[in-house]
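Engineer: Here you go, one structure.
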Amino acid sequence: MKAETPSFEAHQFVRVRRGDAVRRLIQRDKTPLAVLLMAAVVGTLAGLVGVAFEKSVNWVQNQRIGALAQVADHWYLVWPLAFILSALLAMVGYFLVRRFAPEAGGSGIPEIEGALEELRPVRWWRVLPVKFIGGMGTLGAGMVLGREGPMVQLGGNIGRMVLDIFRMRSPEARHTLLATGAASGLSAAFNAPLAGILFIIEEMRPQFRYNLISIKAVFTGVIMSSIVFRIFNGEAAIIEVGKLSNAPVNTLWLYLVLGMLFGCFGPLFNFLVLRTQDIFQRIHGGNIKTWVLMGGVIGGICGLLGLMQPSAVGGGFNLIPIAAAGNFSVGLLLFIFIARVVTTLICFSSGAPGGIFAPMLALGTLLGTAFGMAAIPLFPAYHLDAGTFAIAGMGALLAASVRAPLTGIVLVLEMTDNYQLILPMIITCLGATLLAQFLGGKPLYSTILQRTLAKQEAEQAAKAQQAPRENT
């Protein structure tokens, strides 16, 4: 006797039942399994967006450089074209941010910190396209910005998007997926999973609600984003500096001196960032046309600088291995360092969609290498390697400015694959952090968040005062 085949209606009934079961599981906000499943989804999406963002920025840069190469033999064409192309790309980023999502300007990390405390909105339907396309414009223009800040904000917004799509209503899931997305975004930007975890625990420690569910979710998301990154980009170190020699014990005091140097520079750098932000605020006064034109001028100047001194612009990832290899003299290293300090301050403080992690890593490399090369003739018996000071300097400025020494240490070691330098890294970053704190320096991202919240309160107070007048 022939067995009866299930009818179409039976197939549909089973499919609906399965869909309802999955939906009920996910909507149990207190179920750790549901949070972990969503964390895996968030991490996977953050990894995919991170890879797409990196390749999109590289494509824009290659198209811009390729267009300039076509007219490289005609100086009267290449200089105006370099300015115009970079200016137009930058203006796209500035316009999108100012017109559609002001919170997408700058790094975006303070916005995620504010969102974790439920003090700042997360409008993912606006921020995701604006930050992605705007970042393509500003980074593609050659401005001195990094992609890590945008990736943290994109990742956090992906976390909130997933939460809204699956209608998970518990405050715990709301907070956890936002943090998971931020950690996954940093991991996808640098291929540094442990640094992504530490960044949430250390830098966002006042906002992050640490418990077993949240930390497992962060781990899950970071694992998935790292797997996605390595599928597309391979498992090699993101910054190729080669295997450097370990630092002998009798040279470790030099790394403490280097850390103290960064401990002095870190608070000064933060002060300059904030003052430069105030200057730009006075220049454009909130006017969108002035703001976009100003951004176009900055982008165009970066395009011209890229022709004269390519090492002075861009995120700095290409510069780091060249500088760490000792290919520049001490004088040239210091010149590029000063030039990049100026360009970093201008590009980041203007409110362009882009991060400051990568530019700070490049600054730390330049100053660390210069210190090491200056120390080599002073202490010939030590047989010093300037590259080890470059690696130590990379994390030291991050530690002094952002006040996240653990993140700085692990991030640099993961990016360069030089884990044998962990002891000099610890000494340098700890010295930088302690001295920066002693000098009264405040963490950069926390300070920017406080200023943003103060501005938000002032705007709300102004609206509250204006409302009664309109009603009368």
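Every residue gets a Cβ built from N, Cα and C, even glycine.
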Engineer: Confirm whether, per Swiss-Prot, E240 lies on the same side of the membrane as L212.
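Structural biologist: No, opposite sides.
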Engineer: Would you identify which residue of Y210, Y255, Y445 Swiss-Prot lists as part of the chloride site it also attributes to S107, I356, F357?
Structural biologist: Y445
Engineer: Tell me, please, if the transmembrane segment (33-69) and the transmembrane segment (215-232) are in contact, taking contact as 3+ Cβ pairs under 8 Å between residues separated by 6 or more positions?
Structural biologist: yes
Engineer: Same chain, outside the transmembrane segment (215-232) by at least 6, Cβ under 8 Å from its Cβ: which residues?
Structural biologist: 32, 35-36, 38-40, 42-44, 46-48, 50-51, 155, 159, 176-177, 179-181, 183-185, 187-188, 191, 193, 196-197, 200-201
Engineer: Go through the chain and flag residues at least 6 beyond the ends of the topological domain 'Cytoplasmic' (117-123) whose CB is under 8 A from any CB in it; none is fine as an answer.
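Structural biologist: Counting only partners 6 or more residues beyond its ends, the topological domain 'Cytoplasmic' (117-123) has Cβ contacts under 8 Å with 101, 103, 111, 156-157, 160, 178, 206-207, 452-453, 456.
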Engineer: Does the transmembrane segment (355-376) make contact with the transmembrane segment (330-349) through 3 or more Cβ pairs under 8 Å, each pair 6 or more apart in sequence?
Structural biologist: yes
Engineer: Quick test of the contact rule: Cβ under 8 Å, at least six residues beyond the ends. What residues does that give for the topological domain 'Periplasmic' (310-329)?
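Structural biologist: Distal contacts: 139, 142-147, 238-241, 302, 336, 339-340, 343, 358-359, 361-363, 365-366, 369, 373, 386-387, 390-391, 394.
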